[in-house]
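Engineer: Got a structure here, written out as structure tokens. Questions coming.
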Amino acid sequence: MSTSVPGRQDEDLPGLSSTTGRTTSRRRSAAGSGKPGKTRPKKARNPRLRGPLRTLLALLVLTVGLYAGIGAANLWGEPQAQLTPQLGLDLAGGRQVVLAPQTDDGQSVSAEQLQQAIDIIRRRVDGTGTAEAEVSRLGTNVSVAIPGNPTPDQLEALSRSSQMVFRPVLVAQPVSPTGAEPQVPRELPLPSEQRQEQVEQLAPPAPESVEEGDGTDDAVQTEENRGGERLPASTSTDGAATTTGDDDASQTTAPVEPAPPASNPSDLAQITPEVQQQFVEADCAANAEEIADAAAGAPAGQPLVVCSAEGDEKYVLGPVELSGANLVDATSGVQQLQQGVVTGVWEVVLTFDDEGTQAFGEVTSRLMGFQEGAAQNRFAMVLDGEVISAPTVRSVISNGIATITGNFTPETAQTLANQLKFGALPLSFEVQTSEQISPTLGGEQLRWGLVAGLVGLVLVFAFMLVQYHALGLVAVGSLLVAALLAYGSVTLLGWATNFRLTMAGVTGLIVAIGVTADSFIVYFERVRDEVRSGRPLRYAVDTGWDRARRTIIISDVVNLIAAAVLYYLSESGVKAFAFTLGLTTLIDLLVVIMFTHPVVSMLANTPFFGEGRKWSGMEPERLGAKRSTYLGRGQFREPDAVAPGRRRHTREELEGGVV
């Protein structure tokens, strides 16, 4: 049974009727011509074009900003960015280093020790900003392959045997050049506002008279145990040696009685004449390596003389109170106050395990008993026999989370965090072989990979043009925009995160061609379904997009989930494939929303596409569209009955108004 609607003659739009549409067009042309000599009124801009134009403009700004960022990083970046993607080990070559583990007692290395060493070496390499490095077990050795040309510091960091320990500072003396101001110690800022109350509880007022050398567990602030910024010329403790010094030399007198055991690790009674002599003679500028080697082999329970890593300060340190094994994590970032205000000051945050939390709380409680800024108020972090940081303790830290601030830059903060986090290596290694890896095989793979991608792209172009005619050009343009964004993203990530493109990554980019083309096909077929139902193209574009958008988003979300699972559960080779697959999936979603749909919406308002002309890809006859039949007396038979609860669209809505 046909449905007749009176008074809808004007709804027979171009593309739905072969004769009436032309008559209507001629009538409008004659009516719009006006009287001779009159200026033809200017046609108002179609409101349907405003949204697509704004969206395309936003995409243009995004693309220009992406490549402007690459150009700025190439001109002023540090390090200078490349204008092409960085290539991984299999495509660009690099250096392979084989490390052989060494033990002091000659015993065999356990599998657990070797695996722990591999994990630390891998984190060390990642911490230097080197991406796509391969660290693997080679029998009882460790093989490390680094892409590109690694620096000597990166190579040295691989085999460096080191142990991270935490010791209290007993004496500190700047060794800066004459006339230069000593470096201000880095500090542990107060995590709460209860500092004064804690100080009063933990450091009772000093008595009016204190016996010399009477160290107590409460670390009462006295002139004898306060420990200034340098070793005094004359220091006297109960039973300890007395050292008398002048501007030129120092003389050591043997103690009459052996030194008594220290009351706490910060007690100056631990400083023997030998330690004093070592401290006076220590030359951090000329003998830094010798001092570091001696300190690295010193017993954990005895004081020792060390230099700072920069060579600008020397110390006498107490016994070891924490080890690097108690440190769970160390990160760097911009300081943020409790109110959420970002200060712009860079900091390093330390996190200890349960054992380290308890020990660190006891240490900070004791150190708070000393005057702020004094040597004994500081806590040294020693790596490889050198002090990498000696911050001042400003509060009791009982939650296991400490924050170091100072004159940090982003680079120095990250370096300190890496040293603290990845410093301790349970074994020492000897470089067995170090050789350059040729990129010849990788270059051949890259060429064939690019050829495969180009062939796939051409085949997709051909299919789109055959299947969708002129509308296929929109798909071709969308693929080119997606390729432009993918190239820029990979290039910029190479500079920002040292991301390197491997053969697996190239494979992910090639697979992305099919993922992106699939989104276009879903959209175009939805629009065609609407045209087949008899709806005008302008209306079919919006309705088809509403239905296709959900399908496209669900499909891309599934791809993102698969990429995330592959990335977190796979090895380095598959990680590159998963990363590029996830990246290109996001780009596909961006292109479909910000390029494909706006362009199709604009084309639907042109005569060629809007009227469904031949080779437009939306010809109603070719798609088998149902047509409205003119029944006479201004009555039409609709191609589809309107579903219950839905209204019919007006002529203005169908011809150009907002649906």
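Easy rule for this one: first residue shown is 1, then count along the chain.
Cβ from N, Cα, C; glycine included.
TrEMBL: automatically predicted annotations, no manual curation.
Okay, so TrEMBL annotates it like this:
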- 1-49: region 'Disordered' (REGION)
- 37-48: compositional bias 'Basic residues' (COMPBIAS)
- 55-76: transmembrane segment (TRANSMEM)
- 191-268: region 'Disordered' (REGION)
- 209-221: compositional bias 'Acidic residues' (COMPBIAS)
- 233-254: compositional bias 'Low complexity' (COMPBIAS)
- 446-466: transmembrane segment (TRANSMEM)
- 471-602: domain 'SSD' (DOMAIN)
- 473-495: transmembrane segment (TRANSMEM)
- 501-524: transmembrane segment (TRANSMEM)
- 552-570: transmembrane segment (TRANSMEM)
- 576-595: transmembrane segment (TRANSMEM)
- 640-659: region 'Disordered' (REGION)
- 650-659: compositional bias 'Basic and acidic residues' (COMPBIAS)
Engineer: Could you give the residue numbers and ranges of same-chain residues that sit at least 6 residues beyond the transmembrane segment (446-466) on either side and whose C-beta is under 8 angstroms from one of its C-beta atoms?
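Structural biologist: Residues packing against the transmembrane segment (446-466) from afar: 87, 91, 472-473, 475-476, 479, 503, 506-507, 509-510, 513-514, 517, 520.
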Engineer: If we skip the immediate neighbours and take only residues 6+ beyond the ends of the transmembrane segment (55-76), which ones have a Cβ under 8 Å from one of its Cβ atoms?
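Structural biologist: Non-local partners: 82-83, 481, 484-485, 488-489, 491-492, 495-496, 590, 593-595, 597-599.
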Engineer: Per DSSP, what is the residue count of the domain 'SSD' (471-602) in each of helix, strand and coil?
Structural biologist: 120 helix, 1 strand, 11 coil
